[in-house]
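S.K.: Dropping a structure here in structure tokens format, bear with me for questions.
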């Protein structure tokens, strides 16, 4: 990328985030809502992670992936939500250039990792439903570790392949971002150089990848549902309940992502609310969906609460 910067333009050291509203009353309302939601995200996802670790009844591949999904959700929300919450109390919402870069790096790191983890969870359910006799052989401890390492690797490659170019962009003009946190398409638009190729890279990397993964996951779940319908039993009804939860989480995760990155670089305010949904609402809904529809998880959380939390409170 050739850069021709006028000498009278200084480098941008920070960005101004417009947030959701300029009204002080509405910002206080949002502060309360976002704070309560973030506390619920921390408590809900930590309960799942700790329950899976300490409860022997949950030491299976499905709950192994579920615990790691909760960890990714917790990290993804923590990359944006604390700053968003603090900004509601500030009149001027600013973030440093490198703070913005770090935020985008971690959002795409944990977002890409969660995308890969959802595919691993779909594979786990496929083996359990379509190849039940070989389930323990295929989904062994080594396979679980490989899937998890691949999720971290995909997340790292996904974010690095975009941020390595974004971090080197010159920013010397406008520094106002119409969002609640640093969003890659919006930040790229502010660069003082031609970013057409980088915009295509973002669309291909984030949008197309999300869309393809979403379609592949839907196809895999359709195959599993067809297999279940061919075998009517109590085990099948339990599998349908599990798959329904998985399909709901996949739809909630990929839906906003596909919309944002397949139709990027626009000025529609809906992107702002989709960003809220992606980084805050989805990490809250995931533990609710899995715990409310899963008897084993609810029982494990009750056991953990009665055995451990009760002893901590009385000690």
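Placement of Cβ uses the backbone N, Cα and C atoms for every residue, glycine included.
Annotations per TrEMBL:
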{"type": "TRANSMEM", "residues": "28-50", "note": "transmembrane segment"}
{"type": "DOMAIN", "residues": "44-290", "note": "domain 'G-protein coupled receptors family 1 profile'"}
{"type": "TRANSMEM", "residues": "62-85", "note": "transmembrane segment"}
{"type": "TRANSMEM", "residues": "105-123", "note": "transmembrane segment"}
{"type": "TRANSMEM", "residues": "144-165", "note": "transmembrane segment"}
{"type": "TRANSMEM", "residues": "208-228", "note": "transmembrane segment"}
{"type": "TRANSMEM", "residues": "240-263", "note": "transmembrane segment"}
{"type": "TRANSMEM", "residues": "275-293", "note": "transmembrane segment"}
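Give me the structural setting of these features: burial, nearby parts and distances.
M.R.: Sequence-distant contacts of the transmembrane segment (62-85) (same chain, six or more residues past either end, CB-CB distance under 8 Å): 19, 31, 34-35, 37-38, 41-42, 44-46, 48-49, 52-53, 95, 103, 106-107, 110-111, 113-114, 117-118, 120-121, 124-125, 128, 144, 147-148, 151, 180-181, 242, 249, 279-280, 282-284, 286-287, 290, 296-297.
Residues 61, 64-65, 68, 72, 101, 104-117, 120, 123, 184, 198, 201-202, 205-206, 209 of the same chain, all 6+ positions outside the transmembrane segment (144-165), place their C-beta atoms under 8 angstroms from a C-beta of that stretch.
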S.K.: I need to check the long-range neighbours of the transmembrane segment (105-123): which residues 6 or more away from its ends have a CB within less than 8 Å of a CB in the stretch?
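M.R.: Sequence-remote neighbours of the transmembrane segment (105-123) are 62, 65-66, 68-69, 72-73, 75-76, 79-80, 147-148, 150-152, 154-159, 162-163, 181, 184, 206, 209-210, 213, 216-217, 220-221, 246, 249-250, 253-254, 257, 278-279.
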S.K.: Near the transmembrane segment (275-293), which same-chain residues lie under 8 Å Cβ to Cβ, leaving out any that are not at least 6 residues past its ends?
M.R.: 20, 34, 37-38, 40-41, 44-45, 47-48, 66, 69-70, 73-74, 76-77, 79-81, 84, 107, 111, 179-181, 183, 241-242, 244-245, 248-249, 252-253, 256-257, 260, 301
